[in-house]
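All remarks here apply to the structure that follows.
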Amino acid sequence: MHIATFPALAITALALVLWATVATHSSNTNSCHMSYMKPDMIAMTGFNTTQTPLAHKYSLHLYRELDVDLSREVGGRPVLFVPGNGGSMRQIRSIAGEAAVQYWHDPRRAGADADTWANGSTARPKSALQKLNTFAFGDTESDTEGVRGLGDAVTARDMSGDDRRDAVERPLSNGKLPSQWPDDLPLDFFTVNFQEDLTAFDGTTVIDQAEYLNQAIAYILSLYSSHPNPPTSVIVIGHSMGGIVARTMVTLDSYIHGSINTILTLATPHVLPPVSFDKGIVGLYHNVNEFWKTETVPGGKLEDTLLVSVTGGIRDQMIPAEYSSVDTFLPPTNGFAVATTSIPDVWMSIDHQAMVWCHQLRRVVAETLLVVAGETTEKVSTRLDTFQEYFLSGMERVEKKAQNASESSKLTLDTLVSINTPLTTTSNIIINDHSPNQLVKTKSYFKFPVLKASEINEMSRSFAMPVDKGKSLLVKTNMPLEDLHILVCRTNTGDVDTNGFSFLRYGSKSKGVRVGTDTLVCANVAGEAVAMPSSIKYATGAKIPEEEETGEDNDIPVDSAISSTSLSEYIQLDASSLSGFQYVVVIDNTMSETISSDSYLLAEMALPSDMAVVAAPTWWEVLKVGRFTIELPEKRALLTKISLPHFWSSLVAFSIRLSTSDSFSMEYQCEAKKSMGSEHDVLFAPLLMQYSAQLHEAKFSTNLCGGYEQGTRVAVHGGAPYMPLAEGRDVSGTELYLWTDSSSRSSESLSLTLEIDLWGSLGRFLGFYRVMFAIFPMFVFLCLLMIQLRVWTTTELFVSLSDALDVFVDFQLPWILAGSCAIPFVPHVLVSLLYPQMSQPGQFFLGLNGTHLWFLGPVSLVIATGIVVVLHWLLQILTLWVCQCYYMLGLAPIAPESPFSVRRIVTISFLLLLVFKIVPHQFAFMVAVLVMAMGAGKARVGRLMQSEDKDNKSEPCVVIDRNLINYTHSLLLLLVLLLPINAPTLVVWLHNMANKWHTPLESHHEVSAILPILLLVLTASRGIMIRLPQSKRAIYATFAFLAYFALFVLFHGVVHSYRLHLLTNGLCLCLLYLSL
């Protein structure tokens, strides 16, 4: 393969990666609803340079929701918002506006006087109708910004009636009423204008912001000093890199101990920095994580500090979800990480920017903050329980053992009565309509004294089911639990005062009558219910009846149907939890006129073996055909748990399809009737949940109908590249939970097919390895440079990069690709010899924690080679253009001369002085790149002039130094490959200059960091080539350094990319020695 054909392969690989990114991004539809608010930012002018010199650059503001919260004084509980990289202080307006609406539209204060709330607010009381009007249509005298969404500007009158009603009158989620808030105070949201600082690229900027915020918190708390029961801490919300700033605050000397005890982060990369181009940001991450790891233990400085990390999941194309995990530095007693797909009433993936404005998420966040704000003085366990209640799906506790007849769960006996009604018992309890004559499959008939609370009306229906030893109880319903009593009961053994309560129990008809006198003790297990989305009984793309009335297009894709469906509840109690109980009792108190015909309750007892399916295909078995199928047993339970122990890599995405084994498609089964062997319609469509313990991620996929034509995507969040593992934890596989209507299944079995999603996997590959595409080309270039130097030492001919690429592709690349396949198998101890500071395995090369994706190494190197080819072509065009400009200006070609003239010494001394005092060394690096580009272009002038002499048939008057042309071109490519590492810091400096902030960036003003590069550029641009030294030791030393440089780039360059600049300085010193 020669240079003429290889670029086609390389460029094709690049195009596929870019295509995969676009395809992956477009396939995940944003289902967030727009948020609306009326913001008013009040500048806190009292916090100025007398408190901190950073006030020259930053400013503190108080948020108020116009026409909802009219007070301009603080009087609630303080919350501080920290924007992320390039973020705005206005990003808090969605959450803050929602919190204000939820608090001030609380029915308890609808008619309250203004002076009844904290510290004498001047807000005038409004009626509910006035509040609705002012919120929806604005106040023309006071509103300067109108109602805005965090996207396009939206006027107040553009809000639909449903939006206004939802904004004001919707009930709070999780069933928690406003009267249950522990502290009847609003929230005071403070936000900071950081001038859109770029914190992802510079560690110094992060520390500056953290210092400013510590002083700001001291000032905020001082505002409450005259209030009764003043707060002593602030809740901090950080978006993106704002979460790292919040965590950095507690590590600084300026931090007031206890002033922060709750931190909520949204899409924050906690484990690894987004890019590792800056030494400061890499070191800061290491120091902050170590501090949190050592200080969150009992007795540590942060033992009472709570950290909750929320990630948007697969839709976040900027920050991989795995980077938001906290288990590597935080014990479970002090926080957790959760994906938005798990949060009840959200249940969807959210992109990076939408995390602060997505209506479904901000509603839950605001409600949670209102509750937690009153618990800031409580123990960390109390606040942790609150966040877990609102943010976790509940599947984490399905295996939790129920408390046997605990006092808190018993029904009070004096409120119970005994009724003696005919009751059908079976292994299943099925309720899916409200006709009194509904029958279920019968095994035996009992006259059973069903317990019934006094408020239950006489129209209630009662069902009972015996508890089978060794079986688990499974209950799924979409009926409101406040209208159902789901009880587990046992015969009283004398540990409960029965007050003479008794009942009669009859045996089955075939065994005659047996009379006994006993008492029952029951526990209500509704508290064990897990909320989840309903799975509608309509085929994919069908219309939902209740939404057809809106006239909107309600075609429902598989992955987006969650936002359009109602809730369902699931209860699971294992055999140990049911130990000692004899009966499961369901009392249905629902009214037929208030419940739709699609309402159902399904309860059954099932053996663990009926619920568990373990599929353990190897990666080779999957890769051979790209898919594998799991046959589900015919006698399956309501829930089927499918374990995939080998599927843990975050780099592989799957699509899942559900089908039947016979001619009936799954689409037909969802609409199936009794003709399929059922005695009633299908209660619900199959519901799938993917669960990841690391991120507490429960990703639901509803309405799995449509057979092979439709599928749902599954992205695993387990073993991510370069991710350190928490102590005592290993990578685990994937778990899938499938709920199907077991009561209506026919004889055919179901099969679940997992197929590798090629485009989704390529998109994940690019998301994790975007830094790799900027680093690995340096490895390819160093290999090319070694080829050029090897030829030069034997022939004194410095070949072109095109010739070196031919040699590299034909002879070296196949061996390198073969060797890269074996790198995942190299022991960690051997790799650490290149960089002893590497602490954990899986942080070298591609950061793989296993060997099954060994082929990614060759793929990455092929793409890196293609990038070098493209850059080589582009620089050829650039230098030819520069050469043409020199020729048109009549400038002479480059001629070797001493680089140390007085003028040049003065110029370079002045530039170094600027680096030492004012500009970062990255600025001098950019100057070096420009000088090298001009030098490489000027080196070609002689070739252009010789070509003209040939056209004029005259003797050539210019001697062409082809060695110099190739040498300067190679040096230019070397500097261009370093641009991604140096450009971000330069952008930060220019941003600071634009905001008139002239504080030097620490660690970026080292003269030694740029001097070797400047000297080499100065010599090469003046026509001075490298020469063969008399001693071969210098050549051997240069080759040894190049080999080390190349291996470091390959093994550690992605995680420690900032070190490439230092190694390039070493290479420049070697070439400079050969030049002089």
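Cβ coordinates are placed from backbone N, Cα and C, and glycine is handled just like the others.
Listed in Swiss-Prot for this protein:
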type	residues	note
ACT_SITE	S240	active site
CARBOHYD	N48	N-linked glycosylation site
CARBOHYD	N119	N-linked glycosylation site
CARBOHYD	N404	N-linked glycosylation site
CARBOHYD	N849	N-linked glycosylation site
CARBOHYD	N952	N-linked glycosylation site
CARBOHYD	N966	N-linked glycosylation site
TRANSMEM	3-23	transmembrane segment
TRANSMEM	765-785	transmembrane segment
TRANSMEM	815-835	transmembrane segment
TRANSMEM	855-875	transmembrane segment
TRANSMEM	877-897	transmembrane segment
TRANSMEM	910-930	transmembrane segment
TRANSMEM	970-990	transmembrane segment
TRANSMEM	1006-1026	transmembrane segment
TRANSMEM	1035-1055	transmembrane segment
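Swiss-Prot feature annotations superimposed on the structure.
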{"residue": "N48", "record": "N-linked glycosylation site", "Cβ within 10 Å": "13"}
{"residue": "S240", "record": "active site", "Cβ within 10 Å": "29"}
{"residue": "N849", "record": "N-linked glycosylation site", "Cβ within 10 Å": "23"}
{"residue": "N966", "record": "N-linked glycosylation site", "Cβ within 10 Å": "23"}
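Looking at S240 (active site) and N48 (N-linked glycosylation site), their Cα atoms lie 26 Å from each other.
Within the same chain, residues 972, 975-976, 978-979, 982-983, 985-986, 989, 998, 1000-1001, 1004-1007, 1009-1011, 1013-1014, 1017 sit at least 6 positions outside the transmembrane segment (910-930) and bring their C-beta atoms closer than 8 Å to a C-beta of that stretch. Within its own chain, the transmembrane segment (765-785) has Cβ neighbours under 8 Å at 17, 20-21, 275-276, 317, 320, 650-651, 720-721, 801, 804-805, 808, 812, 816, 846-847, 856, 860-861, 863-865, 867-868, 871, 970, 973-974, 977-978, 980-981, 1042, 1045-1046, 1049-1050, 1053-1054, 1057, 1060, counting only residues six or more beyond its boundaries. Here the Cα atom of N849 (N-linked glycosylation site) is found 41 Å from that of N966 (N-linked glycosylation site). On a Cα basis, N966 (N-linked glycosylation site) lies 57 Å away from N48 (N-linked glycosylation site).
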